[in-house]
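Structure record follows, encoded as structure tokens.
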Amino acid sequence: MDEKVLHDIGKVELHCHLDGSLSLEMIRKLAKRIDLALPASDADLRKLVTAPPESEDLMDYLKTFDFIRPLLQSKEALEMAAYDVVAQAAAENVRYIEVRFAPNQSTDEGLSVAEATTAVVAGLHRAMSQFDIIARALVCGMRQLPLGTTGHMFELTAPLLTHGLVGGDFAGNEGAFPTAAIAPAIKQAQQLSVPLTLHAGECHEPANIAKALQLGLRRIGHATAIYDQPALIHQFVNAGATAELCLTSNLQTKAARSLKEFPYRALHEACAKITINTDNRTVSNTTLTREYWLFAQNFGVTLKDLLAFNHTAVDAAFCSEAQKAVLHARLEKDYQRYL
């Protein structure tokens, strides 16, 4: 499939982490603000912020984020970072993106959770004023944090739900902190009417997916471990759940140790709802265009399939119904000349 066509067609992305998607140029700008010395060459800098191909597992992959964390400790830095990620997405014709981040990871130097969230939303709005894209934010609770801390984060950010924030997520080490263990925080977010997605099945733990479905979640990040679980796939489909698939990332983290362990084929054959995502543009050294190309090369995905996956993404998005109607129409127009 022509990669230029894949670049030119409209796209929707639901699973993109802010801290894992900063451009090298933005990393340099943010490092300069805090007098952090960086390698002179982009090639050497990329080695610091890109997951090694030989990552042993998810936790090995996540070590890369420790380098980025000090860069995102001010309102200005978060605003600049959010703008940067949306600008990258707009450059490859992403029409709608949900950018997720963990406010608690940006409070090391006194910033409040609400201030961090407001700053990210401001960056999204600045990008939308300049580019042809709709951008919204998701706040991530980190599984390893105390449940009370995560619950309080949702309490502080829930009032922003009508101002650019559209939902929440739970990320981090699901092996050590399974879905069942964080259920109280999930229920607290639900009581606050926070639309939720959840990382599950990224650490060879299909039970985390099953528990998420039991708790009423209908968007699952990765869902990788479902690939050889026919009963769980049946449950997933019957629940009307949507999978946020991230191919490059899953291969890097060994969530899928090979293409055979990636859940696309099993989910597609079961008529499950599927979306394609980058996860972390910089840490995984990818773009949404490249992810589309990889799906085409490895699984025979067609433009017709991609249009369907994007419509699925719009349906699962946490934006308003009016915005969804606009996006559905825009996608049809984008693909019309190619189908």
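Note that Cβ sites are derived from N, Cα and C of the backbone, with glycine treated the same way.
Predicted-model confidence for the domain 'Adenosine deaminase' (11-332) is 97, expressed as mean pLDDT. What TrEMBL lists as domain 'Adenosine deaminase' is 11-332.
Here TrEMBL flags HIS15, HIS17, HIS199, ASP279 as Zn(2+) binding site. In this structure, HIS199 (Zn(2+) binding site) is part of a beta strand by DSSP. A simple way to gauge crowding: the CB of HIS199 (Zn(2+) binding site) has 26 other CB atoms within 10 angstroms, across all the protein chains here.
Under DSSP, ASP19 (substrate binding site) is assigned to coil, being neither helix nor strand in the three-state scheme. Annotated substrate binding site per TrEMBL: HIS17, ASP19, GLY172, in sequence order.
The feature active site, proton donor is assigned by TrEMBL to GLU202. Counting Cβ atoms from all protein chains shown, GLU202 (active site, proton donor) has 29 others lying within 10 Å of its own Cβ.
Annotated site 'Important for catalytic activity' per TrEMBL: HIS222, in sequence order. Residue environment of HIS222 (site 'Important for catalytic activity') contains 29 other Cβ atoms, counted within 10 Å of its Cβ in all protein chains.
One way to see the shell of the substrate site is to take the Cβ centroid of HIS17, ASP19, GLY172; the remaining same-chain residues with a Cβ within 8 Å of it are LEU18, GLY20, LEU62, PHE65, ARG100, PHE101, ALA102, GLN105, CYS140, ALA171, ASN280. Between ASP279 (Zn(2+) binding site) and ASP19 (substrate binding site), the C-alpha separation comes to 10 Å. Look at GLY172 (substrate binding site): DSSP puts it in coil. Inclusion criterion for the recorded positions HIS15, HIS17, HIS222: a C-alpha placed within 10 angstroms of the C-alpha of GLU202 (active site, proton donor); this criterion is met by HIS222. Taking the mean position of the Cβ atoms of HIS15, HIS17, HIS199, ASP279 as the Zn(2+) site, the remaining residues of that chain whose Cβ falls within 8 Å of it are CYS16, GLY20, ARG100, ASP169, ALA171, GLY221, HIS222, GLU244, CYS246, SER249, ASN277, ASN280.
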